[in-house]
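Below is one structure, written out as structure tokens, with a few remarks after it.
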Amino acid sequence: MKIGVYPGSFDPVTNGHLDIIERASKIFDKLIVAVLVNPNKTPVFDIEERVELLKETTEHLPNVEVKAFKGLLIDFMKQENAKVIVKGLRAVSDFEYEFQMALLNKKLEPSIETIFMMTNSKYSYLSSSMVKEVARFGGCIEDLVPEKIAKKVMKKLNKKYTEMEEK
């Protein structure tokens with residue numbers, strides 16, 4: 001069985017992420033969307049919320065599983081018996097960092113491969129940070145995040161930014 005892992009913080013999941021997930025799910029027998037607990041970031045959505053949003057977003061894809069993980073990605077890969085990391089690239093600017101990470105993962109575990117997938121050009125500008133920024137200033141995010149979860153994401157972001165402004 002070919003198992004791929006698509007890691008990220010997904011805070012929140014965007015249409016760009018979904019584009020990569022849908023396309024990668026056609027390549028692998030099983031694709032695990034690995035939601036990272038990143039100690040270097042303070043997420044708006046906690047790990048349970050991010051996992052739940054991704055499960056809702058990907059429920060139409062029977063070979064996709066969503067799991068949380070912390071620690072080294074290669075340790076998670078071993079635990080899941082996966083050999084391929086899937087990384088989405090929006091632009092050339094993403095490549096340098098992702099290339100360095102791929103080389104590091106290869107050094108730590110030589111059996112691990114990384115494949116890079118270019119996002120659809122209509123999402124090349126899109127990031128979770130941009131979704132949060134648009135929401136913060138009251139803009140519409142319905143075309144930026146999966147339709148299924150747009151209202152939940154907007155509600156959470158509105159609440160978060162209202163609380164920040166009150167402080």
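Glycine is no exception: its Cβ is also placed from the backbone N, Cα and C atoms.
What Swiss-Prot says about this protein:
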| type | residues | note |
| --- | --- | --- |
| BINDING | S9, F10, H17, G88, L89, R90, E98, Y123, S124, Y125, L126, S127, S128, S129 | ATP binding site |
| BINDING | S9, K41, L73, K87 | substrate binding site |
| SITE | H17 | site 'Transition state stabilizer' |
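Shown on the structure are the features that Swiss-Prot records.
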residue: S9; record: ATP binding site; contacts (Cβ under 8 Å, 6+ apart): V35, L36, N38, K41, P43, R50, S128
residue: H17; record: ATP binding site; contacts (Cβ under 8 Å, 6+ apart): G8, F10, G88
residue: L73; record: substrate binding site; contacts (Cβ under 8 Å, 6+ apart): V5, P7, A34, L36, I85, N105
residue: K87; record: substrate binding site; contacts (Cβ under 8 Å, 6+ apart): Y6, P7, E98, M101, A102, T114, I115, F116, M117
residue: L89; record: ATP binding site; contacts (Cβ under 8 Å, 6+ apart): F95, E98, F116, M117, M118, T119
residue: S124; record: ATP binding site; contacts (Cβ under 8 Å, 6+ apart): G16, R90, A91
residue: L126; record: ATP binding site; contacts (Cβ under 8 Å, 6+ apart): T14, N15, G16, R90, T119, L144
Work out the three-state DSSP category of S124 (ATP binding site).
coil
What is the maximum Cα to Cα distance, in Å and rounded to a whole number, among the residues S9, K41, L73, K87 annotated as binding substrate?
19
Across all chains shown, how many C-beta atoms besides its own are within 10 angstroms of the C-beta of E98 (ATP binding site)?
15
Surrounding CB atoms that lie within 10 Å of the CB of S128 (ATP binding site), all protein chains:
23
